[in-house]
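Contents: one structure, followed by commentary.
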Amino acid sequence: MESKQSAALGIALALTTAIFWGALPIAMKQVLPDMAPETIVWYRFSMAALGLGSVLCLRGQLPPLRVFRQRRWLLLLSVATAGLLGNFILFSTSLQYLSPTTSQVIGQLSPVGLMFASVLVLKERMRPAQVIGAVLLIGGLLLFFNNSLAEIFTRLTDYTLGVLLGMAAAGVWVCYGIAQKVLLRRLASQQILCLLYALCAICLWPLAHPGQIYQLSGWQLLCLLFCGVNTLVGYGALAEAMVRWQVAKVGAIVTLTPLFTLMFSDVLALAWPETFMTPSLNTVGYIGAFVVVAGAMFSAIGHRWWPRQRA
């Protein structure tokens, strides 16, 4: 019974992450007209650092800094900080040129990139199902961008720049993912996140313009607050889900994020067309979005259906 309860809670937490991350770019898109990307990111990190830091302080579980007296762990923390900070800034900047759905579909390159990086850097084993999943994902991206392939590959337009920024965001996230995998040998995931949020907020302080918050409308303030809470809840729920359920299965559910973004975008555009834009996708593009998710999901859990080799 406890096992079933743990699995049910793991599913609920993983779905929470997918739903929150699915809604994130839609909320950020509302704030971007009146606040610079780096300032939005600074507010996100600051709110998340204060929130998670307060929780860990009350529990007496603040991260021990003595671990980082050794250069190896300090270097890993630096790489993780740079990776997460770069991902947040590049992703936010890409939203100035892309729709929320497009940004999240491109973001599915992150887990596949982490998979290949884990093989190269951490010497993990590559499974056939992971390769098939990666091929499916790339094929899905080609379908998703079927109307824009010529523009992406021949002209440096705003749209092309957004795609490149999104791909760069996915790439630097891989650096964060690898560094965090190693840091987990010494610290709990929530302790690592608390440190990273605080360090990223400190690093961004010289570039941020907190005063821009006074230019926001009441609706935009709510969206900014949601972005900060989203950072705390999204990553926090993901960490807790991995404690209570198998990591591969959690990863499979999180790959549903772009579909939640697509669904939210369509519903909000129907309800409030003057505020939210309808995703400009044709039928092939919609199919591509589903294929991208299927590829990412197959990379995560496809090995469970793959026939095992006999010794």
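Positions of Cβ are set from backbone N, Cα and C atoms, glycine also.
Sequence annotations record features per position, and here TrEMBL assigns transmembrane segment to 7-28, 40-61, 73-93, 105-122, 129-147, 159-179, 191-207, 219-238, 250-272, 284-306. Taken from TrEMBL, the feature domain 'EamA' applies to 9-145, 161-292.
Within the chain, the transmembrane segment (40-61) has long-range Cβ neighbours (under 8 A, six or more residues past its boundaries) at 28, 31-32, 85, 88-89, 92, 188, 190-191, 193-194, 197-198, 200-201, 204-205, 207-208, 210, 213, 224-225, 227-232, 235-236. The stretch from 7-28, 129-147, 159-179, 191-207, 250-272 with the most CB pairs below 8 A to the transmembrane segment (73-93) is 159-179. The stretches the transmembrane segment (159-179) and the transmembrane segment (105-122) are in mutual contact, each linked to the other by at least three Cβ pairs under 8 Å (pairs 6 or more apart in sequence).
Contact between the transmembrane segment (219-238) and the transmembrane segment (7-28) is present: at least three CB pairs lie under 8 Å, with pairs separated by 6 or more positions in sequence.
Ranked by number of Cβ pairs under 8 Å to the transmembrane segment (250-272), the listed stretches 7-28, 105-122, 191-207 are led by 7-28. Counting same-chain residues at least six beyond the ends of the transmembrane segment (191-207), those with a Cβ under 8 angstroms from any Cβ of the stretch are 38, 41-42, 45-46, 48-49, 52-53, 56, 61-63, 77, 80-81, 84-85, 88-89, 180, 183-184, 231, 235-236, 239.
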